[in-house]
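*Asks:* Right, I'll just put the structure down here and ask away after.
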Amino acid sequence: MLSCDICGETVTSEPDMKAHLIVHMENEIVCPFCKLSGVSYDEMCFHIETAHFEQNTLERNFERINTVQFGTSDNKKDNTLQCGMEVNSSILSGCASNHPKNSSQCLTKDSTLKHETFYSENLTESRKFLKSREKQSGLTEVKGSIYETTYGPPECPFCGKIEEHSEDMETHVKTTHANLLDISLEDCDQPLYDCPMCGLICTNYHILQEHVDLHLEENSFCQGMDRVQCSGDLQLAHQLQQEEDRKRRSEESRQEIEEFQKLQRQYGLDNSGGYKQQQLRNMEIEVNRGRMPPSEFHRRKADMMESLAIGIDDGKTKTSGIIEALHRYYQNAATDVRQVWLSSVVDHFHSSLGDKGWGCGYRNFQMLLSSLLQNDAYDDCLKGMSVPCIPKIQSMIEDAWKEGFDPQGASQLNNRLQGTKAWIGACEVYILLTSLRVKCHIVDFHKSTGPLGTHPRLFEWILNYYSSEGEGSPKVVCTSKPPIYLQHQGHSRTVIGIEEKKNRTLCLLIFDPGCPSREMQKLLKQDVEASSLKQLRKSMGNLKHKQYQIVAVEGALSPEEKVARRQDSQVFTAEKIP
């Protein structure tokens, strides 16, 4: 079923609806002179030509004026003078069709604006009509009498007032609406005013101004609504942005906390205990797994407590005599080696259950110190010392901080090492040796100096360090130089020598605290196999970390030199190569 939007009547099909709408259209056709309605368009044309011949002549004049104003003659039949001023949908549509400049814009949604547009047009037409009647004064009385006798009293096109005679209507219009008739229409060359917003053409500037004011009022209302909507949208967008920022900050904070906790665990600063707690915990695990008898557990625990009490390493992870064994090996074998330089005597220390995963720096310091304790040149500064246990080394570093060494490094580790599993590196080894009056310095190989990320400058520096003694010596040179502390990201080792092969390639000899005693014991055999040295030899292709730092010992310090170096450590610097 289809429903008519005009009268509400329902019909069954689309053709019926079209026929129904045609009836509406015919009923809406009104004679502009006598208000006759209810006839077809052709009948209305015949009626106007016969009954209103003189008035129709005036209408044709109006159409010619409209043609001049709007530059078109396509819609002449819609420009009929609407004296009745009946504002309905069909009349408004006819008004819009008179303005081909922008017909779509003329039909605004606001009904007030439509009425003003129609009023403006009919105002102009009415002025022309009244002016023509003044010029044709000889016919005025005749026309008036014919109009009044045949079609009834005339109605004012401006206010709708009805007068009995046309002369009275003219008097009413000239007196009451004189302000609307102040423009002469003697010719068609009068100035025209285009509406800048919809294109409507007006002959009166004041009417155009009123018409534009209606546009502005409508636009102001729409803009106000837009501002309200825009303000709401901006507020919502701001709230969404704030929520997104809050979630992002929360996620970043959570990730930072997790990363910080991870770093704390990695570097032993998570308050999970130190050497003693880890040793006991790991021994208990061994007992629970059946790998250690309870009696062995108690014996080791007693030995550990005694070692911690006196601050001396119990020597259970130490392997001695390796330098001597290497000397014999290179003398009797290693035919591919042209020359080899070995450090002074040094013991190997490996990690235990108490420091596994974090104690490499402490074990390398034990190796370096074991060499210094066997060197007479350091008797004065290391008098009466033994190789300390790891907790004792932590205490010694804290004492160096208290003396004023490396305040920045102390701050990074919260001025505390005892009872933690905190890692130590080249800086801590340097300040510890300096506090003991051992002269040393740090060299930083901060980037690779060879192809494929290799460090040939590092190898050259170590070769110069060891070969500075005994130039032109035999194949095996046992120098008096202490071993070198070698640090890289995540691990540290001890360089105990360097060999030069017959093809002039260099290979470092390195003690790794991660290598257990049973492997190091293989080097003490009388007939050492070349494969046993594989764990010691490190070629240039084996050292490809981005950065390496070394701590090299150069002798003993006087008390004055120690004070000067303590002052220099306030802003820690190292020699950089390259």
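Note: Cβ is positioned from N, Cα and C throughout, glycine not excepted.
From Swiss-Prot, here are the annotated features:
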type     : residues : note
ACT_SITE : Cys360   : active site, nucleophile
ACT_SITE : His491   : active site, proton acceptor
ACT_SITE : Asp512   : active site
MOD_RES  : Lys262   : N6-acetyllysine
REGION   : 226-248  : region 'MIU'
REGION   : 249-274  : region 'zUBD/ZHA'
ZN_FING  : 2-24     : zinc finger
ZN_FING  : 29-52    : zinc finger
ZN_FING  : 154-177  : zinc finger
ZN_FING  : 193-215  : zinc finger
*Asks:* Tally of helix, strand and coil residues over the region 'MIU' (226-248) according to DSSP?
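*Replies:* Helix/strand/coil tally for the region 'MIU' (226-248): 23 helix, 0 strand, 0 coil.
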*Asks:* For the recorded positions Lys262, Cys360, His491, Asp512, which one has the sparsest Cβ surroundings, going by other Cβ atoms within 10 Å?
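*Replies:* Ranked by other Cβ atoms within 10 Å, the recorded positions Lys262, Cys360, His491, Asp512 bottom out at Lys262.
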*Asks:* Which residue counts does DSSP yield for the zinc finger (29-52) in the helix, strand and coil classes, in that order?
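*Replies:* Looking at the zinc finger (29-52) with DSSP, the answer is 11 helix, 2 strand, 11 coil.
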*Asks:* In this predicted model, what is the average pLDDT of the zinc finger (154-177)?
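*Replies:* Within the zinc finger (154-177), the model's average pLDDT equals 79.
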*Asks:* Would you kindly give the Cα-Cα distance separating the residue listed as 'active site' and Lys262 (N6-acetyllysine), rounded to the nearest Å?
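*Replies:* Lys262 (N6-acetyllysine) and the residue listed as 'active site' have their Cα atoms 25 Å apart.
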*Asks:* Can you tell me how far the Cα of Asp512 (active site) sits from the Cα of His491 (active site, proton acceptor), in Å?
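*Replies:* Counting only the Cα atoms, the answer is 9 Å.
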*Asks:* On the three-state reduction of DSSP, what should I expect for Asp512 (active site)?
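*Replies:* In three-state terms, Asp512 (active site) counts as coil.
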*Asks:* Taking DSSP three-state, what's the residue listed as 'active site, nucleophile' in: helix, strand or coil?
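*Replies:* Looking at the DSSP assignment, the residue listed as 'active site, nucleophile' belongs to a helix.
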*Asks:* Quick one: Cα separation, the residue listed as 'active site, proton acceptor' versus Cys360 (active site, nucleophile), in Å?
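*Replies:* On Cα coordinates alone, these residues lie 7 Å apart.
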*Asks:* Counting by DSSP, what is the helix, strand and coil composition of the zinc finger (154-177)?
*Replies:* 11 helix, 2 strand, 11 coil
*Asks:* Could you give me three numbers for the region 'zUBD/ZHA' (249-274), the DSSP helix, strand and coil residue counts?
*Replies:* 18 helix, 0 strand, 8 coil
